[in-house]
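The annotation topological domain 'Mitochondrial intermembrane' is assigned in Swiss-Prot to 1-14 on the grounds of similarity to another entry. Sequence annotations record features per position, and here Swiss-Prot assigns transmembrane segment to 15-45. Sequence annotations record features per position, and here Swiss-Prot assigns topological domain 'Mitochondrial matrix' to 46-74.
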Amino acid sequence: MAHPSQLGLQDAASPVMEELLHFHDHALMIVFLISTLVLYIIVAMVSTKLTDKYTIDSQEIEIVWTVLPAVILI
């Protein structure tokens, strides 16, 4: 039974729902790992001192293009 403050999904009542719960957990882990990797790359690019100004001309707009869709989806 679901509760108002419950963060996860309800308990499965059928085998199909059980598989959907496993798929949800697996997909959520993949999304988390990809988001962590993208965040690490952005932080590494912003904080490094060894950048060429011609290589990273529009770094700020690229960060916005990367982060904004993630924020909208969350």
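Every residue gets a Cβ built from N, Cα and C, even glycine.
Tertiary neighbourhood of the topological domain 'Mitochondrial intermembrane' (1-14): same-chain residues 20-21, 24, selected by CB-CB distance under 8 Å and a gap of 6+ residues from either end.
Mapped onto DSSP classes, the topological domain 'Mitochondrial intermembrane' (1-14) shows 0 helix, 0 strand, 14 coil.
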